[in-house]
Amino acid sequence: MIKSTALVAPAFRQLLKRRAIRWSSSCAAAAQTHTPSFPCVDAHAIRESRILASSLPRFSQTPSTPSTDSGPEPPYARPSPLSYKVYHHPSPFQLTYSETLPSFDIAYETWGTLSPTRDNVILLHTGLSASSHAASTPSNPAQGWWEQFIGPGKALDTDQFFVICTNVIGGCYGSTGPSSIDPTTGKHYATRFPIVSIFDMVKAQFKLLDSLGVNRLYASVGSSMGAMQSLAAGWLFPERVSKIVSISGTARSSPGSIAMRHAQRSVLMADPNWNKGFYYDDLPPHTGMKLARQIATITYRSGPEWDLRFGRKLRDANTSGGVPSDESPRTPTLCPDFLIETYLDHQGEQFCLKYDANSLLYISKAMDLFDLTLPALEQLGMRPSQQLFSPSDTSQAVSHSKSHLPPARPAPHLPELAEGLNQVASIPTLVLGVQSDILFPVEQQRELVDALRMAGNSQVSYFELGGVWGHDTFLLDVLNVGGAVRGFLS
C-alpha cells in the first residue's frame, strides 16, 4: 500500500502538469480568437460590485417600487419601518420543535376601526415573502400586496371590519427572524435561528391579538401560505375564530410543492456567499436568491398566461430591454433570447436583494412541514379536542364543481386528514381553488373540502376559479376572488 501511494503522487502531479499545459494553450488560442460574451453571467459580478459600493445593509432595507412594465405583478415590497407597528413579546416563546425564542417582535399594520366590543377583527395572513403592508395607509401611501381587496366596500370592507396583517416570525420585514439580533449573543441569529412552523407563526399572531384585547376573530383569512395559517388559526383556537377563508392553499403540503421549494433552497444554499447562513457582515447570496426566485416564479404563474403574454417572441437583439423583434435571421445566444427568459431574469433580479435569504429558507421549510392529518399532528403532540368523525364514515359526498366529477379514487390519506380537521368542523369555511395553479393544484383544495365535509363541517363553501394567472390569481383576480370573499364574510 505504501508503494502504491508513492507511485500515485508523481502520476497525479504529471496529470496536473498536462492539464495546466492544455489550459495555457487554450487560453493562448482564445486570446487570438473571439472571446464569447455572456452578459447574463456578467450581471452577477456587476451586481456584486454595486453591493460592495453601496452603504446600504446587505439586503435592501428601503422600500422599493414594483415594476409595472411587464404586466400584472404583485407589489411585494419592503415596507418603511415607520409605517408599521411592532408588538414585543418579552418572555420565552415555546416553538413546535422543542426549542424556544427568548423573545420576539411582530410587525403589523391595521385598517378600519376596531369596534367597542372588539368583535369585528379580521386577521389577514400573508404568503411566503409578503410584508405586513397589505394595503396603503396614511403613514405609507405605497400600494400594498392586497391593495384592491382592502378598503371601503372591498372584499375586506374597512367600513365594517378592523383588518390586521402581520409579518410572520421567521420573516425579515420587522418581525423576528434569522436576520434579527439574538438578545443572548448580540449577534444576528443567522442559521442559529430555530426551525419554526406554521403553528408557531399563528401562535405568535395570537399573542399580538391578546395584547390588543381581541378575544375572538370575525375571520381568519389567508392565501397561499396564508391559507395554511388561516386553517392553523382555526385548528389551534377554534373557540376564537368565527370564520375561515382559505384561498389557493392546502391542509397538507404535497410532495410536488415540497420538491419545488427544495429546488429553490438548494440553489440558494449552493451560492458560496450563503456561507452556511452567516453572511450578514459580508456579501449576501444574491446569485442564489435570483435563481431561487426564478424557480419560484415558474410555480406562481401558468403556461397558458405566458403563451398569451409572451408566446415565443424574442427580445430585441440589440438591446437588453425585452422588446419584441420579428427580425430574421438572428443568431441565438446562451443568454436570454425569448421574452419569457427576460421576464424570469427580471423577476429574479428585482427580488434578490429585497428579501433575506435565510428567511426564505426557514419560511419555505415551515410550509413543507405543514400537515393537518391526524398522524402528523400526533407526532407533534397535538390532537383534536373533539371527535366528530368516524374513520369508517367515508361514504359522505366529496367535492365537485359543475365541470368536475368527484375523484374516482380519493387520496389514501383523506380519512386521516378528516380526523385531523375535526377541530374546525364547527367553523364556517370558504375554500377557493384555481384551475391553472400548479403550486397548489386545485385537487388540493377539493381534498380540503372533502376532508372538512367528512369531518362533519356542513358549512363549507367551495369555489373553483378559471383564468390563466395560476397561483397568483389570489393577488390579481379582484372580481372573482374579492367577490367570493366579500360574499362569504357578509
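Cβ atoms are placed via backbone N, Cα and C, with glycine included.
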Checking 134-161, 386-413 against TrEMBL, the stretch recorded as region 'Disordered' is 386-413
Across the domain 'AB hydrolase-1' (120-451), what does the pLDDT come to on average, as a whole number? 92
Set of same-chain residues at least 6 away whose C-beta sits under 8 angstroms from Asp437 (active site): Ser248, Ser302, Gly470, His471, Thr473
Using CB atoms and a 10 A radius, I'd like the single residue among the active-site residues Ser224, His471 with the highest neighbour count. Ser224
